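Comments concern the structure below.
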Amino acid sequence: MNTPPCDMLVLGGTGDLSLHKLLPALYHLHREGRLPGDMRIHTAALDSLSRDAYLALAERNCRAQVARSEFDNDTWQGFAARIDYFSMDLSQSADFNRLGKWLGDGCQRGRVYYLATAPDLFEPIAEHLHNAGLAGPHTRIVLEKPIGHSLESAREINRSIGRVFEESQVFRIDHYLGKETVQNLMALRFANALFEPVWRAGHIDHVQITVSETLGVENRGAYYDHTGAMRDMLQNHLLQLLCLVAMEAPVHFDAESVRNEKVKILQALKPISGLDVQDKTVRGQYSAGHIGGQEVPAYYFEKNVDNDSDTETFVAVQAEIDNWRWAGVPFYLRTGKRMARKCSEIVIQFKPVPHRLFDGSQANRLLIRLQPEERISLQLMGKSPGKGMRLTPMELDLNLAQVFPQKRRWDAYERLLLDVIEGDSTLFMRRDEVEAAWAWVDPILSGWDSYYPNSRPYPAGSNGPEQAQSLLELAGREWHD
Ligand code: BG6
C-alpha cells in the first residue's frame, strides 16, 4: 500500500469523539493494513495520564466499539505500539513549545493535526501550532463541524486558520459525506444515464431529507444547549446531503470540481428570513415520552441543560433552490432527537403521471436510505395479481449489505481519516461552502429570535411537532414515515 509517510496528532485525545470514533476507525485501518507502516498516532489532552493509563482507556473504548470478531489481542498490541500520549493544556502557548520538543523532529515528516476539541479552541490552537513552529508545509489540520455558530464566527475561524494553513491543508470534516450510501448517491446520479433526464423540476414533485435519531443529548447537554439542531445538524449534514442531491455533474471527480458544484447550490438557496420563518420552518423541543418502551425525560431535564431552555432539538425547513433545474421544487429538510425511529433517508418524490388511468396511486419515488440499513429502493406502482387492474406499491430494492455480504461496512470516519492521510479533500467542506451554508442559516436564526421565539413541544418517541406535519399537508403532501 502506497500511503505516504505521515503521523497524526489528535488534540482532545480523551474526549468522546477520539475514544468512540477516531481510535476505533484507526484501529480498523491498522487491522486492514491501510495505515502507513511507520505512522505514529500521538494523542494529547489535559488529563494527566501515563501512556499506559491512556492505552488502557483507549483499549476499553475500542473493545466497546469494535465488533468482537474484529478485535484480537495481537492486532491491538500492534496498533497500541503506534500510540502515545502527551498531557497538556491546549489553550496554553507554552505547552505547544513543550509539545514541539516532545515530538522532536520539527515536523519534517507529514503530520495531520486532528482538532477533536470544542470549536472555540480552533483559533488558539492554530496560532499556538504556528508559534511553536509546528505548522509547516507538510502538515494538515482537521476541523470538526460545526465551524462557528454564525456566518461571522465561521469567517473569523476560517480567517485565523487561513493565516497559518493554506486552504489545501485544511480538512473540514462532515462525517455524513463519508457514509457509504452518500457516496453511492453520487454513483447513482452520475454513473447511470437513467436518472438524469428526470432529475429536475419537470419530473420531481419534491424532495425530503430526514435525519431522525432516537437518542437524546446524552452527556453533551452543555454543548448542545447553546448549539441546537439547526447548528448541530441542519447547517452541515442536511445541507451537504441537499447539495449532493441537487448539484450538477462535476467535470471531474476531484476536490475542486465537486466542491465548485456544491457551493453553487448553497449560493442558490432562496433566503428564508423575517416572517417567512413562520411558514417555512418548524422548531421543536422534546418533552417527556417513551422510546422503545422506556420512559425518557423532557429535554430541559437533561444533564447540563437549562431548566427553561428553549433550544430546538427538532427542526424542519422548506427550502427552495433558485436555479434552472430546481425552480419551484420544495426540499423538505427535517432532523430531530428523541424521535420515533433512528433513520436517515432521502426521498425523491416524482410527479404523478399526467393522465390517470387507474384509481388511486402514489409511490413513484426513489428512496435512498443511509441508516440504519444502507438501501436504495425505487418504489413503483404495479398490478396486484388476479383479475382486474388493482394497483399496489412495489419496490426494486437494493440492500447494499445483501449485495456485498462479504464486505465489512466501513464507518464514515475510517474513509475520511484515510482521505486526510492521503491528502484527498473531495469529501471535506471548503471554506466558501461553510460560509455559504451559514449565510443561508443566519437569517433563519435571527427570524426565529424575532418571530418564532418558542420551540414547539413534541413528545419523545413521536415524529416531531404537529406543525411539521402541516408544513407538508398544507401543500397536499406528507412525510415518508
Ligand atoms: C453529529 C451531531 O454530528 O452527528 C450529533 O453532533 C448527532 O448530535 C450525530 O447525534 C449523528 O450522526 P450519525 O452518524 O449517528 O447519524
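Yeah, the Cβs are placed from backbone N, Cα and C, and that goes for glycine too.
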Further substrate ligand in TrEMBL, beside His175, Lys179, Asp232, Lys337, Lys342, within candidate set Glu156, Glu213, Glu320: Glu213
CB within-chain contacts under 8 A for Asp232 (substrate binding site), separation at least 6: Pro146, Tyr224
C-beta crowding around His175 (substrate binding site), within 10 angstroms: 21
Spatial separation of Lys179 (substrate binding site) from His237 (active site, proton acceptor) - C-alpha basis, Å: 11
Pairwise CA distance, Asp89 (NADP(+) binding site) versus Lys179 (substrate binding site), rounded so that it is a whole Å: 33
Alpha-carbon spacing, Lys145 (NADP(+) binding site) to Lys337 (substrate binding site), which is rounded to whole Å: 18
Cβ under 6 Å from ligand 1: qualifying binding-site residues of Asp89, Lys179, Asp232, Lys337: Asp232
Lowest local Cβ density (other Cβ within 10 Å) among binding-site residues: Asp89, Lys179, Lys337: Asp89
